[in-house]
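According to TrEMBL:
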- A:H30: site 'Important for tRNA non-discrimination' (SITE)
- A:G81: site 'Important for tRNA non-discrimination' (SITE)
- A:148-558: domain 'Aminoacyl-transfer RNA synthetases class-II family profile' (DOMAIN)
- A:E172, A:R218, A:H451, A:R492: L-aspartate binding site (BINDING)
- A:196-199: region 'Aspartate' (REGION)
- A:R218, A:D219, A:E220, A:Q227, A:E485, A:G537, A:L538, A:D539, A:R540: ATP binding site (BINDING)
Number of protein chains: 2
Amino acid sequence: MRTHYCGQLNASLIDQTVTLCGWAHRRRDHGGVIFIDLRDRAGLAQVVCDPDRAEMFALAESVRNEFVLRVTGKVRHRPAGTVNANLASGEIEILCHELEILNPAVTPPFSLDDDNLSENVRLTHRVIDLRRPQMQKNLMLRYRTTMAFRRFLDANGFIDIETPMLTKSTPEGARDYLVPSRVQPGQFFALPQSPQLFKQLLMVAGFDRYYQIVKCFRDEDLRADRQPEFTQVDIETSFMDEQQIMALMEAMIRTVFEETLAVELPNPFPRMSYAEAMQRYGSDKPDLRVTLELVDVTDAVADVAFKVFSGPASSGGRVAALRIPNGASLTRSEIDGYAEFVKIYGAKGLAYIKVNDASKLNEEGLQSPIVKNLHAAALKAIVERTGAQSGDLIFFGADKTKIVNDAIGALRIKLGHEKGYLNGKAWEPLWVVDFPMFEYDEEGKRWNACHHPFTAPKAGHEDFLATDPGRCLAKAYDLALNGSEIGGGSVRIHREEVQSKVFRALGIGAEEARLKFGFLLDALKYGAPPHGGLAFGLDRIVTMMTGAESIRDVIAFPKTQRAQCLLTDAPSPVDEKQLRELHIRLRQKVETQVEVGKS
Amino acid sequence: MRTHYCGQLNASLIDQTVTLCGWAHRRRDHGGVIFIDLRDRAGLAQVVCDPDRAEMFALAESVRNEFVLRVTGKVRHRPAGTVNANLASGEIEILCHELEILNPAVTPPFSLDDDNLSENVRLTHRVIDLRRPQMQKNLMLRYRTTMAFRRFLDANGFIDIETPMLTKSTPEGARDYLVPSRVQPGQFFALPQSPQLFKQLLMVAGFDRYYQIVKCFRDEDLRADRQPEFTQVDIETSFMDEQQIMALMEAMIRTVFEETLAVELPNPFPRMSYAEAMQRYGSDKPDLRVTLELVDVTDAVADVAFKVFSGPASSGGRVAALRIPNGASLTRSEIDGYAEFVKIYGAKGLAYIKVNDASKLNEEGLQSPIVKNLHAAALKAIVERTGAQSGDLIFFGADKTKIVNDAIGALRIKLGHEKGYLNGKAWEPLWVVDFPMFEYDEEGKRWNACHHPFTAPKAGHEDFLATDPGRCLAKAYDLALNGSEIGGGSVRIHREEVQSKVFRALGIGAEEARLKFGFLLDALKYGAPPHGGLAFGLDRIVTMMTGAESIRDVIAFPKTQRAQCLLTDAPSPVDEKQLRELHIRLRQKVETQVEVGKS
């Protein structure tokens, strides 16, 4: 029906007759002439309707915003002085010869130019919201990103193999979405949290290199950057070790950024051990754009009079200092704000020292009520290790290690971005490696897998599985970008006896392992190749690429934080007949409202 | 870890040292030398282990089938007389220098060369089954097919946009898979039967050209070619009419077949109206490879004495003849077999006439007990219209039109393929167009949509919506290939008032329409462009391309006909805690076994 997209028109088409289809983005009447900005997915074009074509002009007068139009006309230069440099088609306009109203439109619920809409309004009227140029750009970029992934993977011999959506519930990890079976009464499918086991089975089956851009599901209470269904770029390969996998995967990310954003990422990506990342940044996905660093002073304050420090320092906790260059200029209320902020992470307070004179390691040079309770050696260590200069400020975290890392790590990010302690780079990728295999669950008195139970132990660490699980490191790697984890993976266990040892370390007995993972253990016995892989969070990567505030801005039809679709009103009640067919009933006394997280 | 895939090796690599990784497909000891056929996804390579490298040889002696190996050696010509022309690498072999057993394997449950395995065994040990070269080829071809679709669609401006998997239940059409909501007690998501409404909304949102290769779900009792989850190549475009859409889509199918199979399909695809297809082939997806045709004789037998014909012919039914050239040679037991066969489709019998002498329209020339009850005009019409020659046989179907079409249409296919009434072409695509909008549901005493309720009526047929729904044709089109429907679609309704008329014709009141489809009706009001699209069944297309017997042979991890995954044992019972969180319980008295179709 058209010859061109609106946004494609330019001066090279002068004097040509074109036909466009699109939406009346704006109509203006000016000097007896009607101007219609016609919009399609490629952009805007200005259509000029002269009154000398009376019938067409009468029709143009009836056009309102969002009418669907078909316009045929001649491309001409805009009059001098009316060129719009912001538009691709800003040099030209179309003198309308024929106008057809393909569909009228009622007045939309909001203007597409309104940038202050509540998310509820946007999601309720998602179809209109998706017309906004930013949303069009976001979803186009998402598409170009997925195609860049596919092209790279295809060129490297990876093949897309679909894995089941209706699969088996394995209640470790996050909560499953369940699907009642009609044919097998009382039984349920689960929607996959990831195709992890299937992709490993595909390696055992000999497909060598697998990928899939695939929906995954987690029924968890939603944070800002989570959705009940999300999309992974899921990858697995055989006969490559972790170094080769990381090298190939970072080449892919570089290619994707180059092709979609024309951004050149570093080559190679830097790598850092988990231990170092926690030590220096309090995070396993440090934002390297922020120049501030945590400095450990635990050993130096183990015996000071100040119990807030010596308590944790002498009982397995951590005391970390965060030097803020020129931070002495922070106001009292700013500092109070940060002290409030760290409480979110469980910190009980936020001690600090203003460095008035770095050469005087006493209450004269170091301004803080805590200084008198720190001995000279401690003060010396603090100033030396942080490299504090006169005019700086030093924040402290002192608590259990996890609380210190979470709180001071988060403070580092917040303060770094708010106050501009940044290295000026737009993109800072980082591989974090040498993760521990297990973390201890104090409540459950058991070891949990840090990554997942199919991750291989680091070479030489296999014996720790039985003797000292806490010391056992994993062949796992996460890719952090600007402080977000955008991907993660590992080399997997390919020998059945190692997999059984890991299950034992996790307290999963032989019988339970057979029941839940029998098909995996069998597969490992039938000739499993060495293999490993990775999954990237597509929604998050595209969110970062577009600079969107929320992953909901890069998903066409997202759910709210209460996991609802405001557009279609899902979930919704269903017929009793449907439930009967599925052999389930609602619980007798269903409260009509429950708080998220309490159910 | 490797330098080449096994199947890539050829004589151009003579004297080069290569490293291969793969599985020991077969080990033979011959003349003091060990031969290992090493297998990877690209094929086989013959590895020769000489006893002069003692350590390596000892290792090679321990190798059993399906061990995972890494082999380094030198490529050399096979000795004269041992070249294997069936293998890509059949001219060469690798003289093994180094051998590493990456993983041993227990004896597999069956030999990969065994072609007589039950499907249950194959699906239970799917990982081993997937190693079979045919399954590797099938899934590779599936991948290449999807990539060919993507490339074509990408080149034509279509963009892949993901639509939700957790969506709203709309109980018309097939049965939904339901997903209980944890956050909204008593409410349910449904897994999509297709992204139909979402893709229409994307058109209203202005994305112009959409595609998605996407999982869809139907909880129906399974036939041989159905799966609970199946994959659609789902497409929608704005501002194109049905002619343009069909032209583009058939170009896509041609391109896909050309790129993946090097097959040249006709250009253009032939088109046939639904009415003609039913008349001539008794099917809306006729297999044009079969040269037999149904011939209508209803009018000619309305008043014959033979009640089996005159009954249906005089009361709105159909009497159709199927001429079988040289069919007089069919044996009595063959004919009895066909008579049994048509009963599947509801036919009560299978009348026939043997044409002994086509010039004698009486019991002498036409051999059949029914001839004496057919008058001369009827016999003349039968012989003339079918073009029967001496030595032919004519089968008859006489019943309600649907039964005749189903039964004689199926007989046409079966007999055509069994007895070779074929035109010799490998691929016969056909567009079937001008479908009726509605079919009358005798039980429910109401009109149902033939395609779906969002299909636009044919130009000029809009008034029939209110006056005579049965006469109303649709802007719908199906693509049949060799007698299978591989795709179907339509131009959609883009005006709210037309959509409302269709809902009325379907007996869906304004209130119900608003409740179920309010978001669609709203979208149509806010400036919906003319749009239409299509969905192709990927599983079925790839099944046909590979010549597989079942779509389960082109799906990595399919379900059985009882919708179970024998590999992972899904569905399975879940914890009571999980059900409690979802506000559901099992029905008190769940029978442990119900028949499919009875629940």
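First residue shown is number 1, and so on along the chain.
Cβ from N, Cα, C; glycine included.
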Residues of the parent chain within Cβ reach of the region 'Aspartate' (A:196-199), under 8 Å, 6 or more residues beyond its termini: 163-164, 167, 210, 212, 234-236, 452, 454, 517, 519-520, 533
Composition by DSSP (helix, strand, coil) of residues within the region 'Aspartate' (A:196-199): 4 helix, 0 strand, 0 coil
Per-residue Cβ crowding (10 Å cut-off), top of recorded positions A:H30, A:E220, A:E485, A:L538, A:R540: A:L538
Greatest C-beta neighbour count within 10 angstroms, which of the binding-site residues A:R218, A:H451, A:R492: A:R492
For A:G81 (site 'Important for tRNA non-discrimination'), the number of other Cβ atoms found within 10 Å of its own Cβ: 5
Rounded mean pLDDT for the residues that make up the domain 'Aminoacyl-transfer RNA synthetases class-II family profile' (A:148-558): 95
Nearest of the recorded positions (A:H30, A:G81, A:H451, A:R492) to A:E220 (ATP binding site) - Cα to Cα: A:H451
Using Cα positions only, nearest of the recorded positions to A:R492 (L-aspartate binding site) (A:H30, A:G81, A:E485): A:E485
Integer Cα-Cα distance in angstrom, A:R218 (L-aspartate binding site) to A:E485 (ATP binding site): 17
From recorded positions A:H30, A:G81, A:E485, A:L538, A:R540, the one whose Cα lies nearest A:H451 (L-aspartate binding site): A:E485
Whole-number Å value for how far A:H30 (site 'Important for tRNA non-discrimination') lies from A:G81 (site 'Important for tRNA non-discrimination') (Cα to Cα): 15
Inter-residue C-alpha distance, A:R540 (ATP binding site) and A:H30 (site 'Important for tRNA non-discrimination') (nearest angstrom): 45
Longest CA-CA distance among A:R218, A:D219, A:E220, A:Q227, A:E485, A:G537, A:L538, A:D539, A:R540, per record bound to ATP, angstrom: 20
